[in-house]
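Here is what TrEMBL says about this protein:
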| type | residues | note |
| --- | --- | --- |
| COMPBIAS | 620-637 | compositional bias 'Polar residues' |
| COMPBIAS | 645-659 | compositional bias 'Basic and acidic residues' |
| COMPBIAS | 676-686 | compositional bias 'Basic and acidic residues' |
| DOMAIN | 208-289 | domain 'Ig-like' |
| DOMAIN | 297-376 | domain 'Ig-like' |
| DOMAIN | 386-470 | domain 'Ig-like' |
| DOMAIN | 476-566 | domain 'Ig-like' |
| REGION | 608-696 | region 'Disordered' |
| TRANSMEM | 578-599 | transmembrane segment |
Amino acid sequence: MELQCQTFNKVEIRVQPSVKVKNGAPISIICHADISKNSDFQLKHNFTIFKDGKLVFMTVSDKEDARYEIPVAKSADTGDYECTVQADGKKGFSNSIYVWVAGMTKPILTADKKEVSEGEVVKLRCELPEEVPPLEFFFRKIKTNSAPKEKRVPEQNQNFSEVEFPVEEGDNILQFDCFGKRQVRSGWESSQHSNSTLVTVKEPFIKPTLITRPSSSNVTEGDQIEFECSTEVAQMRGIEIIFQKNRTILNSVRDEKSLKYSTVATQEDSGEYLCKVEQGAVSKTTKLNVFVSELFPKPTLSASTTKLDENKDLILSCNINGFRRANFSIVRKSSTGDILLKNSRVLAIKVNVNDTGSYTCKAEVKGIVKESKRVRINVYAPVSKPTLSVVSGSPEVVLGKPLQLICHSAMGTPPITFTFYKGDEIKKNVTNDTYAMFLDEDIGLNDNGGYKCDARNNHSSGVKTSNILNVTVIVPIRDASLGSVPYGEVEVGSDTAFLCSVKEGSWPIDFKFFKKTDHEVLLHEVREYSDRTIWHKKTMKRKDTGTYYCMASNRASMDVRSRPITISVILAAWQKGVIAAFVLTAMAGAGAIALWWFLRKKKKAKGPSMEMSGSALAPNLTNEKLTRQPSDGNYYSGSGYIEDNGNHMKSTDESKGPDLESAEVDYTEVEVSSLDPHRDSMENRHSRIYGHPDAT
């Protein structure tokens, strides 16, 4: 028996009569299966048709075609169609085809009311019963002789929409309609417009009327003008009439059909007036323009002068161009109100500084008062002679530092103009009330005076000039140095002169001498009207050995410190001689004792003859020279000279003699034959200042 076999050649989907049809027309969706078989046998086909991925039709047939009939196509039938065919365990798929049902169903519009009053709302409902969301609804309110008002409402989940329209002033017979839109592949598609719905509007009251007496075009300043605003109302309850000019409410009434307002007309009353009638949400207005003619122009105030010295005469006069029959008054303006000076057209006064201020005049005709523009009067007192001083108080300045000056006039009407001079050169002009400041940042070494200032205002007396201010320029201390006589080594008991000097600095100068220890020790201080000072330190001791420096300062308030010098205090030559003699004497005594012991022992051994021999040797010892060579080869001659840069200065004091209590042994050099402890103290010693560049 032959095996049955089949295969899908193609599955396709077709649309009749066209892929685009009008709304309401019939349409057929046909699914066709092209299958090859090896013999003529019956084959069952399972047909399935989908729209936008959703199953819409299914059938089983032994034919190769299946038809999905839509007798009346709607816009909801628009979409992508495709089909599948299954036969004998095999499955075939068609391509997708887009079907467009053009046109939408006509919407249905309903209104909740057929008759409304102004201020109420009309609720509308628009429905597209055969359409599928999302949709957009458009509602229109149509009035005679005006463009329709439209509202758009999108709906994502329903095929109807509702909206409210307020009924406004002037609405009479209203007409409403609606239409819908949906989005298709080619863009937006619109439905037909719905049926029109008519709504009748009732007026709760009529538009108000606004009149004036006299007529709004025939009003003159001083006239009594009366406004009347009225309306006709169906129901009095809740009615309100408001009368206003610009945004200012002038009068209002409730539960009344009319309102009146009267006033004496002025030019300021010209403008637009508004009468408004309100009841609930309904509001109606009427506008009226009023022009008030001028009865007389504003007065003009004139002054004989606007700037004058105190105790001078001032005349103020008030005039109206082409009009003289008026009641005049002249007033002065103040923060607390007008000050009446005189009920007259002319005012003459002798002024003082308190009369400075603004003045106006007023004119009154038929109860209408008009005021002139303000006139500013300035009365000046003369400036007093200014005083010029340094802001810091002291009339001096440190070289290189700025100098701030203040010029002040105790009296004088501001504004005052101050002029600063340095020598004959103008440095600055400042206008202020009573004082002015000047900062001179260019201070030189020769700027020791010549400052002055002028002061002037609008008084006719002119300029006042201060006294000349002499300012001392303080030169700061520069390069302090310290020297001494003797320099380096000083004998115990002698005096030392310390010289401290500066290269530059204004007098007086404060000099201070210090010795360095664990802390700074102030030894001496003095104020000098000189660039140097000498301090004599008496009777130097070994404890005075150390490092010394000096410090100099002046009114520039800057301490300048010298480099340190080192002083060593050593024994004097005569002290060394005394110590050497003492040592030699001790040595001679020790030798004599040793010799005596030796001779005594020998005498015992040899008898009396040896004692004679020993006594003969003793005198010879006194003629021997006992010498000790110095251990380091240096010998201090005691001459007192120390060289430094060739600058010489004699010591002012001779040696004061030995100080045995404080003497200490450093080293000893002995020559017995020339020992003279007082020789060196009798020699003249000459010394120079060393370690100081200004030594003399």
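Counting begins at 1 with the first residue displayed.
Just so you know, glycine gets a Cβ as well, placed from its N, Cα and C.
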Roughly where does the domain 'Ig-like' (208-289) sit in mean pLDDT, to the nearest integer? 89
As a quick check of your reading of DSSP, tell me how many residues in the domain 'Ig-like' (208-289) are helical, how many are strand and how many are coil. 3 helix, 53 strand, 26 coil
Under DSSP, the domain 'Ig-like' (476-566) has how many residues in helix, strand and coil? 3 helix, 55 strand, 33 coil
Could you give me three numbers for the domain 'Ig-like' (297-376), the DSSP helix, strand and coil residue counts? 3 helix, 46 strand, 31 coil
According to DSSP, how is the domain 'Ig-like' (386-470) divided among helix, strand and coil residues? 0 helix, 43 strand, 42 coil
